[in-house]
Each structure stands twice: as structure tokens, then as C-alpha cells.
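What follows is a single structure, written as C-alpha cells, with notes after it.
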Amino acid sequence: MPEEDKDKETKLQFLTCPRCQGQGVIDNKTCPECQGVGSVAWTGQQLLYWGKKIDIWHLAKKKTENLVKNIINFSLLVFGVLGLLALAQVIFVMVGNNLPFWKFYNFRNWQLFVFWLSLVTDSYLFYRLQRDVEKIKYIPKRKYDDTPLIFQVIDWNKIKDLKKEEKIDVGEYFTPEALLVIEKAWKITNKYQQPEIKPVNLLISLLTFEKINIIFSRLGISFQSLKSKIAKTLAKQPPWPNSVPVISLEIYQVIFSAYNLAWQLRKQKVEITEILQTLVSPKNEVQELLYDLNITLDKVKNVIAWIRIREQLRENWQRFRHRASLRPKSTMNRAMTAIATPALDTFGQDLTLLARAGYLVPCIDREKEVEEIFRIMQGGTRRSTILVGNPGVGRTTIIEGIAQKMVEENVPEFLQDKRLVSLSISKLVSGAEATEAQQRLMIILNEIQRSGNIILFISDIHNIIGITSGREGTIDLAGVLAKTLAEHSVLCLATTTPADYRRYIEGKSPLENVLEKVNVNEVSGNAAIQILEAKVGTIEYQNQVYFSYDAIAETVELSSRYLHDRYLPEKAIEVLQEVATKVKETKGKNALVTANDVAVIVSEKTNIPLTEITKEESEKLLNLEAKIHERVIDQEEAVDMVAASLRRARAEMRDTNRPIVNLLFLGPTGVGKTELAKTVAEVYFGAEQNMIRIDMSEYQDKSSINRLIGAPPGYAGSGEGAYLTEAVRRNPFSLILFDEIEKAHSDVLNILLQVMDDGRLTDSSGRTVDFTNTIIIGTSNAGTAFIQKSIKAGVAIEKIKDLLIDQELGKYFQPEFLNRFDGVIVFKPLSIEDVGKIAKLMLRKVKANLEEKGIDLKVTPVALAELAQAGFDPTFGARPLRRVIQDRVQDTLANYLLAGKISRRDTVILEGGGKIIIEKAKEI
């Protein structure tokens, strides 16, 4: 059921007979108080009860009656066939003897007697079948404009005073299949010697039907796993020998709720899908059983909706095939009135005709917008409507949904027996001067006015603006249309985008005064899933694959979260098509598309790891600290916090509306702040190139904001890509390093507040860029002197950090900016031992470069200590070390290589005093 229909659901008040406690019997006799009804439901206006008797005697009686009825009908049918065969024999004889046809009435033989008698039996068979059809009851159709009535509570004493028309025997409105479900459930209960039909018995009964098995297969549940869970549930219910099963209160609630659901859905009969949906809805043993299999109520509802949509599409296709076979070979006016509309037929397309042929797909979850359109068209100063929504949200689908409702006459009275015709602007202006286009439009509007039963639809109506007759003082086409719409002689539906509405219509065109604006928002959640269910059948057929429900739900979830340049449902449909193609190529035909297949495609599009965590990745995540320490020495607090945030992100145990983590690194230069950021980019994001580095010393004035998010329209550089937003838009899974952040202008820092808090930023073009899959790290040398002084004084790091935040950082940053960081981490100044370890890491890179050339490198402890001592500076940390290794090691080795002094398989030994020894390899 669409989300917007939830407020229209009719409440049910369940009442139980106080005398028999809902059993319907007392001491195996019918309860005199409720006459065997047991339990009822009150809708506020009508009483629902179950009048079907279910026991051994009644089931046997029903079976016997059906058998006798079928035997009689079959006998009558056989006799009718014999009558036709007898007639055929008579005709054969007459033709063989060249007898004239009028002598047919003079024949006097047994064949003609059988034929005439068969006409009598055929008439009786027709009467019997017609009587059975007349006995079939259909659920009263809920009118489109029905609104919930005030719910009137009732008690058991007042039920007796209700009139017959206020009572509904819901069993009369169940399909034979749905009745069979209840009967089978009773037989199963009787077999297990249980006193009441319980929800689990009803579930077992449902599982004997193919449609229900299809639902569970789409949910990815195997029959064996379900069977095992059911067996455990049944084992908890001890048998009651000699008991006669009755309907439990839980099953009564399921039955009445199923009828109410079918009424809400405007169905003619209660089907087994309604029984399944209402069986899972209340909290009972079945819901718990399915929940243990990861099946929620929403999943069941959506898959049942999927089945309904497929059935509707199948009916539409059959209707389309039937009407296509009856299509005339020559052109004819298809107007529903005697008034011809040749110009409109030339430049337009009748959507109601397409709907009648079953060509349009169902419109899902747009009841709110449709109702608003009907209210506007029914009255008010502006009776025409413009749907304003972003591309891909389903504006045209809403119009097509209205066309289908018009065909079904499920619309307000003023729209019944009318046509909805789409006018093509491109056809209207194609090959015509502006004056001719104006004349065409006026002729079309005149035809619509004369016919009186046409609703006009114009897609992307902003395209009509600015088309004039070519000379000064002439009339704009938009003006011609607006004038006609203002007279209310023509009703019009139109669509446009928010940007085009602001650019062409709002405050600029007379169309604004005659078109009432209706916003069409992007769908989400269950509505988006059901829209994809309506589309996926075609994709499955084209690619010969099958989608599981989890794959569809995952498509909606991932496209909504990670693809921000387009809108649902269009972007999710495109993902479905890509996934189907990929699965067909990799798994072959008739393969099942899983949620992980969808994650693979979205991961490829966004470079974000979304697939199931493999054992290898799990080990990598659990050992991130060790991996990071292969490049970063010490700084345990910083490494631990970064690693923990990355594990939370991958396990999806974080706030997905914010960046993965916001960190501020403080400390003197050369202690590893930037190196840690580079390491995280390489270890977790795949490469250092996935780090977006911004030197904030370049953003010291207010105007530099334009370089981050783009210049506003009308300013220099407007329309050019902004550095920050464009970089994240292209690579949403990355690390952003704001280096020397304290040097940035305060307005630039205010921009970053939104990023760190909401995980999004709007650029100058109005596009919202997603930052929720980024790690934001700011580095700063603020308070360096204070840190160094405190370290020398022996103050603990935690105490230094508290003093920094309370006393020092306020000189550089606003409190609200500091509060946006998940962690403020103080990097300790490096000791000579730390620099020695860093020197070892740097020499490993040199060794790796030489190994690529087939040369080995060995470094003595004395040489390592000398390099560390030479590269250590208390003020600049490890920064001088890189230059020392470059001058003393890499430059010398480069000279040796160029001079040919070092060859493959040689060993280079770095000793104290800067001495380099080359051990030549043995000649082969």
C-alpha cells in the first residue's frame, strides 16, 4: 500500500464473545450468545464476521456438494457436445444427399431429437453457471475520494441491534484459493491434534500454494530452512488428543485484517497474498520465525506488491496484445466524441488510449500528488497544474497514472469519460515559422474547447516559452496558452524542472498565473523499491536473469546513499540495467542477481568498498594499526583513533550523515601529521592519489572561497569547476587533508563547518556534493611552542591536549569549529630513537629501489645511527632526515650506477662514516 494511503486505513476494533471467549462453542455446542461467530471486527461503520463453518462434517458436505455439482455440470456439458455431434451428422447426411436446407425441419430421427434435447440441457447448464456467477460477491469498491469516517467504538451488547446491511460475512468475499488456505490450516491443526488454528498452521497451509513459494524464493529463503524453523515451532505445541480445532483469536484477526486490506487496495476479492501480509503484520510466532530468517514485514509487503504489479503488467500486456490484433489497417479518428480533432491528433498522443491498450506501466506511491492535482482541477482560481520536479523523479509517470485512472473511471466525476492527450512541443514547432506555430497552437486549443472532453498535457512546458511570431509586438506562444487557460475552457497538466521553473516561469511568464504548482519530490524507501519492482520484469526478460528482492532493495539503498548526481527512481533503474548485464556476462543466463552483485557495480562506479567483507579484508581491518606503523613511527593515539574510525565505517557502525571521521592533528613540523594522512590514503583508500590535499595557506582571504566551491553566477570564473567540490564529486571515497588549517580565512572555515557536521556541501552551481564517505583531516602547527614546552616539562599528552583546547587553540579557531572534530590529536615531538626508526623506514624504500635493479643493500647499525643523528632536529623533527639520506646515500649510489660500478647481483654495504662498500657477485 502506498505510504500516502496509510492515513486512510480503516481501523479495526476486534471484539470477542465474552461467553465463549471467541471459541464459538461451549461444551461442543454452539454458543448461544454469539451463535458460533466467536470473534468479530468493527470498522466503525460495519461489522465483519466469519460465517463459514469449518469442521469435518461441513468440509465433507462442501466436498460432496462440489462433487455433485461438477458431475451434473460435466454431464450436461457432455450431452451438449453429443447434441452438436448429432447435428453435425444430420448436416453431413443432408449435404451428402443434396437435400435443401429447409427440409431440415422435416427430419424425424433420433439425432435431431438428441440435438433439440441438448439445447434444453445447454440452457439449463447456462442457467446453473449463471446462477453460480450471480452468487459470487465482490468487495464493495472504495471510492477514490473516500475519506476516513469518525471511528465509532462499539461493545458486544450493541452488536445484536445492528441491521443486516451493517454486517459483512467476510468469507463470502474470499477467493476459492483463500478459503482453501483456511480449510487446509484446519486440517493441519486437526492432524497435529491441536485445539486451535495457530498462525504457524496457517503459514504451513500457505506454503502449499505456488504463489507463496514464489514470494519466499524472491526473498532468498529456501524451503528447507523455512521447514526447519516451522518444525521447531510445532514441536513447542503439545498435542491435545480428541480435541476439535477451532479458529483462534489470532487467526480471526488475520482474516478480518485481510478483508480490510483488500478493501483498501480496491480489490474485488481477498486473495492468499492478503492473508500472508496480515499474518506477518502482528507480533506473533510467525513474525518471530521469519524475522530469524531476516524477513521483515516491509520485505513481505514489498514482495507481495511485486507479485501484484507483475500480475497487473501481465493483464496490461494481454490487453495490449488483444487490442493490437484488432487494430484497423487504415487511419481513423479515435476521438471518444463525435467532434474530430485532426490537429491535436497530428501533434499529440492520446494517453488514455495507451492506458486502455495496457501500454503504460503502473504509477506507484503517488496518491498524494494525484489527489492534489484533482483538487486543483476541481475548483479554485487556477484549475490547471504544473508538476515541478527534478529529472528522473517520475513526473510523466504521474500523468500516465492519471490516464490509467481515467480509463478505470477511478477519478472524480468531472474527469470521467474524458481523454488525456499529450501535446508534443517539438512536433508543434518542427518545420514551422513562429507565426505558423502560433496558428497551430490556436487551432489545437480551439479543437479542445469545442470537444469539451479533452485534458491537455504538455511535457517540459518551459520549451514553449520564448517562441514568438518573429516580429516586435507579436504574441508569445506562452501568452496564447495562458490566455486560454485563464478562461478555464481548457484544462492543462504540465511538467518542468525546478531550475527551468525558476529560470523561465516564476516571475517571468504569464503561465505562472494560470498553472498551480505541485512539487514532485524524489521517492525513497518502500515506494522506490516498488517502482523498481514494476520496472525489473522487462530488465529480467531482456537479460535472462532473475533479481532477488534483496538485490532490488540494495539497489535503492546504495544508489540513494552514494549516487548523488541523479534522482530516484531513474538512477536506481540504470543501476539495475548495469547489474543485469554484468551478471549475464559473468554468471550466464538464468542466474540469480544478489545484493552483492549490486554492491559490486556501485563500488565500481564510486570506488567505495560496499561488497561483503572478505576474510582477507577483515584481517586487514583488524590489523590496521600494524599496517599503518609500517610507515608511521609512534603517535599511538593518532593511529588508534584513525584505525578505529575506519573499522566503524566498513562495518557500517557510524553516523552515515557525517564524514567517516573528522580529525585535527596538532604538533610541531616534521612529526608525521601529513605522513599519517598519506598512509591512511594508501592503506585504506588504495593509493596516496586518493588524498585530496589542500594547502590552506592559499585560502587566507575571503574571496578564496570561490576556489573551493566555485564562483557565484555573474562573477569571474562562474561555471568553472571548484577544486574541493569537483574533486570530491569525482572521487567521493577519499581522504581530504586541509594542511596548515589555522592559516585559512575564518569564512573558509565556516564553509567547512557544514561539511564536517552534515556531510554535504552545495557548490556555486546548486549541486549538493556528498562528503559522507570521506575522512577529513586538518593539520596545524598552532600551539607548537606550548606543546614543546609542556613536553620538556614532563606534562602528560592528555593534559597537554586539554590545555591546548582550553587556552591556546582559541587564539586560532572558534569553539564551534573545534567541536566539529571527532578527535583533536596532539603529535609528540620525535626523539632520537624515533628518528632512527624513521631512517630505517626510509632506507627500506632505497633498498626496494635497488632490488628492482637486482642489487641488494645492507646498512650497519653504526651507519643507521649516524644518519639518524645527522637528520635529527628538535625544531623540525624528521624533515632534515630525508635530505641527509638523499645527500649521503642516494646521490652516491646514483653516481655508482651511472659509472657502472654496481651491477646486478652485487651487494651494497653502508657503513659508518658514510663509507659505501660494494661486494661484487661471483661470476657465473
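Every residue gets a Cβ built from N, Cα and C, even glycine.
All TrEMBL annotations are machine predictions without curation.
For reference, TrEMBL has these:
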- 71-95: transmembrane segment (TRANSMEM)
- 381-525: domain 'AAA+ ATPase' (DOMAIN)
- 659-806: domain 'AAA+ ATPase' (DOMAIN)
- 830-918: domain 'Clp ATPase C-terminal' (DOMAIN)
Sequence-remote partners of the transmembrane segment (71-95) [C-beta within less than 8 Å, at least six residues beyond its ends]: 101, 103-104, 107, 109-112, 114-119, 121-122, 124-125, 128-129
Reduced to three DSSP states, the domain 'Clp ATPase C-terminal' (830-918) has 56 helix, 13 strand, 20 coil
Work out, from DSSP, the number of helix, strand and coil residues along the domain 'AAA+ ATPase' (659-806). 68 helix, 32 strand, 48 coil
On average, what pLDDT score does this prediction assign to the domain 'AAA+ ATPase' (659-806)? 79
Tally of residues which DSSP labels helix, strand or coil - the domain 'AAA+ ATPase' (381-525): 67 helix, 26 strand, 52 coil
